[in-house]
Each structure stands twice: as C-alpha cells, then as structure tokens.
Ligand code: GUN
C-alpha cells in the first residue's frame, strides 16, 4: 500500500480550515505565519511557496519575507528580533539552509521559543528529549502521523532510521522510541548497513542520496518511509532515498516521493502555527 501524504494532508488541512474559520469570531483574527527566505535557492523557493499555498488553503495569514543571500547575520538577527516583538506574528520560520556566512544555530536560537513553529529551538529540542510539552518538529511529527493513519503498529516493533540530522533523523528516532519501538539509528558510516536495515519492521530513510535503499536492504512486509528529496542524476526528476520501483513490492506500506512525507511536513507546520496561536490566545 502506498501512503499518500498528499491525500492525508489534504484531509487534515480541510479539517484545520474549518477550525481556523471559527477563529475570527472567537479571537478577532486568524493565525499568522511569517516565513523568512534568504537568497534564491530554487529548492528553498519551492518549499516556501508550498508553505504559502498551504497557509492559504487552511486560512492562515502568511507573510513571506525575502532577503538577499548577502544579508549580514546581524541584519537577519535584527529582523528576527522585530518579528519576535511583533504581537501580530504567531509563527516564525527561517528557511534552511542559510548562506555559509550566517550561523544557523544562532538564527535558530534567536527565534522566540513560543513562535518556533519548526520546533528547532534548543529549548524545544531539550523539551522533546525530556518528554516535556513542546512543539514537535514538522517532518518527524508528519511521519508518525502517516504510520498511525496507515494502521502500522509501532509499539514493540524494530525501527531503523538511516540519518542522524537534527531536523529529521534524531527527532524521528526519539518519537519512535516514545511510541515504544526499539530504535536503531544508522548512517553513512554504519558497517554492513543492509544487515541492519533488513532487521527493520519500520525503516525511515533520511540520508539524501537518490535511490540509496535497494530491495536487498528491506525485509518482506516492512513499512518504508522515504524522507529523501533528490534530483535523479540521470533524468533530473525528483526522487527519494528509496528505489521505489524495486522496494514497493516488498513493503507493506511505503511513501512515494513526491507526494509522501513532504506534504505532511507542511501540514504539520500548519498545525504548529495554529498551536502557537492558540497558546498565545489562551494565555
Ligand atoms: N529546510 C528543509 N526543511 C526545512 C524545515 O522543515 N524547516 C526549515 N526552516 N527549513 C527547512
């Protein structure tokens, strides 16, 4: 079975739209997400456009602020300070990656924790690892949602995550652990990776290499979640980290690229924006 993140996210966004439609009467306004895009990397432009489109569908106010790639770190931090202080802004997202002269950790830390819709702020990350209330990072949250919706039992299962980034690998491993899976985090330096991945009931791949996971790496009946967004070196088309055509017949469920994890990430960003808004309104 192919898990369509596109369909699931459309359903969830429609439900959020109904909820958001009640907000003007209750709170006098709708949630407001501000997205900051530095430079004009085509992939980042496309992600930011997707976030603006989803906001429109859900009825969230979206402001996209574009700045040139040569903006100074100081100026970007100043912009974030202004957005933190702006009471009409509920969520702040700075699209990553940033140009090399700007420190990403500094920028992430500058965003007010209460407006950190990405869930990247160190205080949010710490809260996640300490099982305290926090904003869940969008991609890991979307992955768990997809598994649950597809009826995949997580409890007691063996999960293997390939990739250990702060954005996906580490937090998704933590969320799977919290769902009572037994989790192995593998990576590009893992010895005999196929013997590790073949143990997986649930395989999450976030390594950023086109068609990295081949059929021999997947056990019959595994649930396969492909977080990769790559360009096929031959065709130039979008492709995942999993050789979909080869792995799909073995998997019990699998996510496609495009139309899998990506739309769920944006959907969870909408959820997080509403969550930040409601927390503020109910304070
Ligand atoms: N770049 C790639 N994915 C993400 C994301 O989820 N959030 C931000 N801010 N930048 C990204």
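Note: Cβ is positioned from N, Cα and C throughout, glycine not excepted.
Residues annotated as domain 'Tetrahydrofolate dehydrogenase/cyclohydrolase catalytic' in TrEMBL: 3-118. Summarised as a single figure, the pLDDT of the domain 'Tetrahydrofolate dehydrogenase/cyclohydrolase catalytic' (3-118) averages 98.
Residues or ranges marked as domain 'Tetrahydrofolate dehydrogenase/cyclohydrolase NAD(P)-binding' by TrEMBL: 137-279.
What TrEMBL lists as NADP(+) binding site is 163, 164, 165, 229. There are 24 other CB atoms within 10 A of the CB of residue 163 (NADP(+) binding site), with all protein chains counted.
Helix, strand and coil content of the domain 'Tetrahydrofolate dehydrogenase/cyclohydrolase NAD(P)-binding' (137-279), in residues and according to DSSP, is 53 helix, 26 strand, 64 coil. Sorting the domain 'Tetrahydrofolate dehydrogenase/cyclohydrolase catalytic' (3-118) by DSSP state (H, G, I as helix; E, B as strand; all else coil) yields 62 helix, 19 strand, 35 coil.
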